[in-house]
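What follows is a set of notes on a single structure, which appears directly below.
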Amino acid sequence: MGGDIHLCSMILGKNHLIFLYFANLFGSTLSFLATIITIVFYLVKKYIQNKSFRENPHQYCHQHQYFDSSKLNEINNSGVGSYSSTPISIQNNNNKNNNLPKQKNNEKQPLINKNHNNYCNYSTSATSSSSSSSSFSSTNSGSSYEYQQPQKNQQTLSSSDKNNTIPSTNTKYEIELSIPQFKGNKCGPNCLLFSNIPQIKNALEQKKNPKKIDTLIFYLSISDFIAVSGIIIEQLIIIFNKEISKSIGFCIGERVSIHFGLLATLFWSNCIAYYLLRETYELKPYNIRFVYFHIVCWGMALIGVASLFFSKIITVSNIDQGGSWCSVSSSYQLYFWVIPLFVSFTWNLICYCLIYRKFNKIIGIYGIQSVQIKTIIIRKLSFYLLAFLITWVWDVINNSIFLYEGKCPPFALWILQEFFSSGYGFFNSLAYAVTTRFYSRK
């Protein structure tokens, strides 16, 4: 059976088209509002994080790595005579995310401390093989940090309350840390050290950026917004101005905008599934370059809609005495919508099963009482992938019936497809809101 599958819904529901319009418009309106909220929330959150980083950069060091200065005596008493290019490992018992980028060549691992509510003054000095010098200072909540880069060839690590020092040989980066007293009290066991080591700068820049999954959802929301905006405009024009809806220019314009947004939505959903799968099996955040995702998602969507400008791809079909529908050729619909939809649905289903299997093994080893495991399961397993599967399963069923049985699907399935497929942005935003709420409880 050839032709546009949507003509089936128009023919079957010619006496009840109001239900199709209402289901489609209702789902699109929910998605439109939800995607706007998601996009605005993401941008505001990113702005606040960037502003907070500019004003108080040390708070991101607090989240990055901590230094227990109670280990200082152990280092000094261990008889270490020089601080060579091999760093001294200082463990922290209070932080589970104590992971810095691996060192290269002769770069020493910096010591970064967390200090809560302490009015402390920190001073650091570092030198490199060159004769250049620089300075850095930051002030926040009564705490001041000062960074200088004089010309030195030796490094010492000292504490104001104990004359413990560690001499250093010539290395690429040489750091001096002094921990003074304040108001008769010691500064405390956790103190922050700023340095000019490139790994730390890169880590701090990454720390102030939103989570990668949030960024992926942001771009998914943009593609949803493009699609639902086209759907809403189309429905309103069909209802209030039927003359415009009969023109071929209108058909091409609204089909391009809707199809571009829907294709981009499928590809961004595939990228999210890929990211969650990699992060789950590696048990750590997966470092990605978003430029590749942009090329795949937006590029493939552009290729998909480019052929719509060729002749005989889109035609205006007359429905029931004066009504019209912008019909797409069956071959185009098969290759540029049905096949990508089936592939995306299968890929997301495979990722769902693999992640579910992985977490079943983890729960079997560590027990289901682990709060962290429960949170990860809720976040990664139950929302983003399920949102995709639930919303697009009706489209898959209807296209399967249309292609393999050669007949129009039941009208009730069309109602479900019109609502869920146009409401995909709403369910994505709902998943984003729920996971963000769980983040705040962690």
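For all residues, glycine too, the Cβ spot is worked out from N, Cα and C.
Computed from a predicted structure; not experimentally measured.
Topologically, per Swiss-Prot, T280 is found on the same side of the membrane as T435. Among the stretches 256-276, 335-355, 383-403, 411-431, the one making the largest number of Cβ pairs under 8 Å with the transmembrane segment (17-37) is 411-431. Taken as a whole, the topological domain 'Extracellular' (404-410) shows an average pLDDT of 80 in this prediction.
DSSP places the residues of the topological domain 'Extracellular' (404-410) in helix, strand and coil in these numbers: 2 helix, 0 strand, 5 coil. Taking pairs at least six residues apart, the transmembrane segment (383-403) and the transmembrane segment (256-276) share three or more Cβ pairs below 8 Å and count as touching. Counting Cβ pairs under 8 Å that are 6 or more residues apart, the transmembrane segment (220-240) and the transmembrane segment (411-431) reach 3 or more and are in contact.
When DSSP labels each residue, the topological domain 'Extracellular' (241-255) comes out as 12 helix, 0 strand, 3 coil, counted as helix, strand and coil in that order.
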